[in-house]
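What follows is a single structure, written as structure tokens, with notes after it.
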Amino acid sequence: MAAKLKKFLLRYYPPGIILQYEREGVMKQKPIDLLDLTPDVDVEVLLSQIIRQEPLISENRRPALRQLIHRLIDKMLEQQHHSFTLFKVLRAHILPLTNCAFNKSGDRFITGSYDRTCKVWNTFTGEEIFTLEGHKNVVYAIAFNNPYGDKIVTGSFDKTCKLWDAYTGQLYYTLKGHQTEIVCLSFNPQSTIIATGSMDNTAKLWDVETGQERATLMGHRAEIVSLGFNTGGDLIVTGSFDHDSRLWDVRTGQCVHVLSGHRGEVSSTQFNYAGTLVVSGSIDCTSRLWDVRSGRCLSVKQGHTDEVLDVAFDSAGTKFVSASADGTARLYHTLTGVCQHSLVGHEGEISKVAFNPQGTRLITASSDKTCRLWDCETGDCLQVLEGHTDEIFSCAFNYEGDFIITGSKDNTCRIWKALTASSQPGGAPGGAGGAGRPSTAFTYND
């Protein structure tokens, strides 16, 4: 039986259109990624290309598709947020914070702490919604199951991981099996699997539905400090203090490639959105770009004079950045490998770096007690977010890019709001565009 197109869903970051279709009575989704979309694209040529390549889309869909492409372009042309102001200071925990993270819609965020709890907060009011209690040691790694945002996972030094209902605070499962502290974790984008990385040199995969262990990923010779899924959810990358990163097949739990070459501990790893590349950062002062299919190192990026502590791709994967203990960040063009900007200004190490969803801004969190906002196009520092009284180790944008959270060793979390912010409680951000919560849908009943 032929598939039947039911809806177009719009995805803003990275740009794309998701086709919702029906086959044999089952609703399915298929993305059309437009990662290279720019405002000056020839829309009619692009439309013809999509219609030619995608059997689900017929010529009579051209007007609706045209409208969606123009919506994506309009989004790109929207005014960028240049300036942020302090919105709230949250005295979050009685003991130091470990991490903070937004949900997809940005109306909630979570903080983990040495006080053995994770707290859930309302971004727009700064109020604590509830506290997730039960761990017997430091809550170190935390995450929402974005884009859905209805579950939270917490990883602890008590060797366990806990899965919670993000709306009620109810505990679903305690995931037991690691021999030592859990220091990194992630949901797959489909929200069916949780991966945890531990000081016991292993990573484990867990079933979200049942709380059962699905696989143990064995092979690293030192602790695993970084992990992440690709967009498809079928591969996972792990970075370890044994100087290597590894790619694993999620279905089988088998190691596909060992990404070997760094001369020091790996600190950070990430897939690009297309899942074709991995970037890794190391205390050997370099970052490396790897080809996922072959496991080959494509390039070694030098230039830092101290440990690389964090690396990140932007949402479309066209740029990546490395942040270092030398107090600088280096911004690269993925395709050419050229270092476009060295971001200089901090007076202490940069432990965390993050792009806004548009890929136009970058924030860096530093031990100099400040967070800096940078323009990716020019490399200019647009603003210094000042006020924390100790090292900042965590920073993040919300999905619209108009709120920033920073977490510091001063035991506070600060919410910064763009002067041009459009996000409102229960408003725009809740819908803005992923496969989980699309912003626009065109329905067909024919």
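The backbone N, Cα and C atoms fix where each Cβ goes, glycine too.
Taken from TrEMBL as is:
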REPEAT    90-131  repeat 'WD'
REPEAT    132-174  repeat 'WD'
REPEAT    175-216  repeat 'WD'
REPEAT    217-258  repeat 'WD'
REPEAT    259-300  repeat 'WD'
REPEAT    301-342  repeat 'WD'
REPEAT    343-384  repeat 'WD'
REPEAT    385-417  repeat 'WD'
REGION    423-446  region 'Disordered'
COMPBIAS  427-436  compositional bias 'Gly residues'
Would you kindly check 90-131, 132-174, 217-258, 259-300 and say which stretch has the most C-beta pairs under 8 angstroms to the repeat 'WD' (385-417)? 90-131
The average per-residue pLDDT within the repeat 'WD' (343-384) comes out at 97
Could you put numbers on the helix, strand and coil content of the repeat 'WD' (90-131), residue by residue per DSSP? 0 helix, 23 strand, 19 coil
